Amino acid sequence: MKNGAFPHDNAAVPNVERVLPLFSLKGRTAIVSGAGAGIGLAVAQAFAEAGANVAIWYNSNKQAVTSAEDIAKTYGVKCKAYQVNVTSAEAVDKAITEIIKEFNGRLDVFVANSGITWTEGAFIDGSVESARNVMSVNVDGVMWCAKSAGAHFRRQKEEGTTIDGKPLDNFIAGSFIATASMSGSIVNVPQLQAVYNSSKAAVIHFCKSLAVEWTGFARVNTVSPGYIITEISNFVPPETKTLWKDKIVMGREGRVGELKGAYLYLASDASSYTTGLDMIVDGGYSLP
């Protein structure tokens, strides 16, 4: 932006007329953090099915290693698991650079999906350590991933080359997607989770701001799931889930597979004119 105006015609247009090819990720490289299970693993599977080579990051769930092998075998792409601490800017930057070198010299998509919940009830009764941990993983983790991924997106657009100096084919713009939450826009009941809610609100606004900063070389969007059946919510008692369903227009929790389309859309050229979007996928919970 200069003098309050964005550069005209700064975003390239895909040279594709038919709709299905727009969703292809063939030959591209994607990194998905928090992909040991749940939403992140489903997203990695979707990207691989669409033709992408995928690096999946995990924190402690070593099942990710086997999952990566299964993805590679099933979809005929390169897929490998990496243990990365997203709260460390240095670890994130090192991992991203090494993955780009190890894969095909490029980065096309980054999904910042790592996140943890708040389980200590009212904020004033919870521990300072837990609050800091939620913010460190949910907010700092997204920022450090964005900082490193964005630098690679910008270099690729400016230089038109892979990391080892070869011509970069079919790179229109990078796509950075962060997993936020409907909790970033509403206040959940009956559970009390002010820290978690505010962490996701921060992610949404951070990504909207990056969408402005990164115009010309990358698109930035968020996906805000509602109540989705994953391991992260196994601790929730059945009576609480019943109260959730009372407030969901569709009357049930979502499945991780029902989020695949949202992430694939935002990762692919199908969303070439979409940036700064917070896509809420919550079965209608936020409507009433």
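Start at 1 and count along the chain as shown; that gives each residue its number.
Every residue, even glycine, has its Cβ placed from backbone N, Cα and C.
Database features, via Swiss-Prot:
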| type | residues | note |
| --- | --- | --- |
| BINDING | ILE39, ASN113, LYS147, TYR196, LYS200, ILE228, THR230 | NADP(+) binding site |
| ACT_SITE | SER181 | active site, proton donor |
| ACT_SITE | TYR196 | active site, proton acceptor |
| ACT_SITE | LYS200 | active site, lowers pKa of active site Tyr |
- In whole Å, the longest Cα-Cα distance within the recorded NADP(+) binders ILE39, ASN113, LYS147, TYR196, LYS200, ILE228, THR230 is 28
- Could you tell me which of these binding-site residues, ASN113, THR230, has the fewest other Cβ atoms within 10 Å of its Cβ? THR230
- Task: Determine the minimum-neighbour residue: among LYS147, LYS200, listed as binding-site residues, which Cβ has the fewest other Cβ atoms within 10 angstroms?
- Result: LYS147
- CA pair THR230 (NADP(+) binding site) / the residue listed as 'active site, proton donor', Å rounded to integer, equals 14
- If you draw a 10 Å sphere on the Cβ of ILE228 (NADP(+) binding site), how many other Cβ atoms land inside? 21
- Query: Which residues of the same chain, at least 6 positions away in sequence, have a Cβ lying under 8 Å from the Cβ of ILE39 (NADP(+) binding site)?
  - Reply: ASN113, THR179, PRO225, ILE228, THR230, VAL256, LEU259
- Query: How far is it from LYS147 (NADP(+) binding site) to SER181 (active site, proton donor), counting Cα to Cα, in Å?
  - Reply: 21
- Query: By a simple count, how many Cβ atoms lie within 10 Å of the Cβ of TYR196 (NADP(+) binding site), its own Cβ left out?
  - Reply: 23
